[in-house]
Amino acid sequence: MEIQEIVSKQKEFFKTQQTKNLRFRKMYLEKLRDVILQNENLLYEAIEKDFGKSKFDTFTTEISFILNDIKYYLNNLKSLSKPKKVRTNIINQIGKSRICSEPLGNILIIGAWNYPYQLSLSPIVAALAAGNCCIVKPSEIAENTMKAMVKIINENFPSEYLYAYEGGINETTELLKLKFDKIFFTGSTKVGKIIYEAAAKNLTPVTLELGGKSPAIITKEANLEVAAKRIVWGKFLNAGQTCVAPDYLLVEESVQEQFLEMLRKYIQEFKYEINSENYTRIINSKNFERLTKLINKDKIYFGGNSDQEKLYIEPTILTNVNWNDDVMQDEIFGPILPVISFTNFNLVLNEILEHEKPLAAYLFTQNSEEKEMFKNKLSFGGGCINDVMMHLGNENLPFGGVGNSGIGNYHGKFGFETFSHQKAVLEKATWGEPNIKYPPYSEKKLSWIKRFL
Ligand code: NAD
């Protein structure tokens, strides 16, 4: 079947109102959970083929996320979808006011390759929970995971409700010519602009989950041991191919030597090394070449080796870096960690403010004044104090960017709202209304109105 035909069928199916039924939504959320569990090995094998990601990392950073999302919506669907009563103001008496969440309709989800399951399936979970029909286009860059998702979705779900579409740039371009009620995109800022432009032609609302250069600041008041351990994990997990990974470090000069030693120690302790089963490959040779070019040999503090054939790049720390270096121009999205030292905390915050708003920011300190300055002065999608990336693991927090790092957010109730329209409904009694608002007007009526409003 042609994709245009599937989109038309989804539009017809949405009109039948079946997806609004809570039992229907729960049934398919449970089905998705069961399909994932039944095909767990297929999912592990596909991601191993694509970029050597371990079963452990795939479960902890992808599968468990999706299963938790499903559990969250199964437990909270009733309260999320219930109309919310709100106060009715005096001019609308006698009346009742409610906000009713209604599904937007037909959704297009476009995924990225770096956490291929989480980034395609988690938005699907939220979209179905909110009562929509959905088409997902996973990233063709991780070909095996894309094929695995296409298989498990299309073999188990009616295409008029949920359909996975296999394709690259050409297919996505065609898809973007069709009209949807919402486009949810995860990927680069560059492609995000293409999506936004295409969506604008149909006035289609978008959520754009993009990237950016996310800083981690380590002050002399930090617990350095904890900071080093958490940063090494967050930066080199998935070989740095993580949108919220610390992109670069800003380290207070007086503790830099000591801190760098700790980073080295944890990289070795975690066995983040070429050919290790704990470590992930670079997705393709294009990215491998882009990344190896960013390694300035004169600035290597640790690592720097790579294996072109197997597409591994060793965890690499660069020191004596400055803001004008190539590695500081764009999001790195790989296992290269530039370190810039600073002496003045306030000035370093000002430097960050000179750049585009990042998707994440991290601060390591025990000093409450520094914590306040970090929270109040910087603008970023989301972040942590004394940790990295774990804010994503709390479904009570929204996940999304700001400025160049994205538009909108999801996770937990925010995901439900992202795929819903908040419909305002005022219900009036048919009695007890003063005639004052109706013509013919008079000075006397106006003076009463002025007192009321
Ligand atoms: P990408 O922008 O190259 O691709 C994302 C999707 O867009 C893919 O499905 C691809 O097929 C499609 N696409 C690519 N070029 C297109 C074009 N010209 N027209 C239409 N569609 C097109 O991104 P990527 O390489 O898959 O992912 C890396 C980027 O994504 C990084 O910048 C990273 O920070 C960001 N990212 C953000 C998040 C987040 O949640 N905010 C998560 C993961 C990745």
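For all residues, glycine too, the Cβ spot is worked out from N, Cα and C.
Remember, TrEMBL labels are computer predictions, not curated facts.
On a predicted model such as this, the values are computed, not experimentally measured, just so you know.
Taken straight from TrEMBL:
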type	residues	note
ACT_SITE	Glu209	active site
ACT_SITE	Cys243	active site
DOMAIN	2-425	domain 'Aldehyde dehydrogenase'
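The CA atom of Glu209 (active site) is located 9 Å away from the CA atom of Cys243 (active site).
Glu209 (active site) falls within a strand segment according to DSSP.
Listed in sequence order, the residues of the same chain lying 6 or more apart from Cys243 (active site) and placing their CB within less than 8 Å of its CB are Ala112, Asn114, Thr186, Glu209, Leu210, Gly211, Phe333, Leu359.
Across the residues of the domain 'Aldehyde dehydrogenase' (2-425), the predicted structure has a mean pLDDT of 97.
The Cβ of Glu209 (active site) has 26 other Cβ atoms within 10 Å, all protein chains considered. Look at Cys243 (active site): DSSP puts it in coil.
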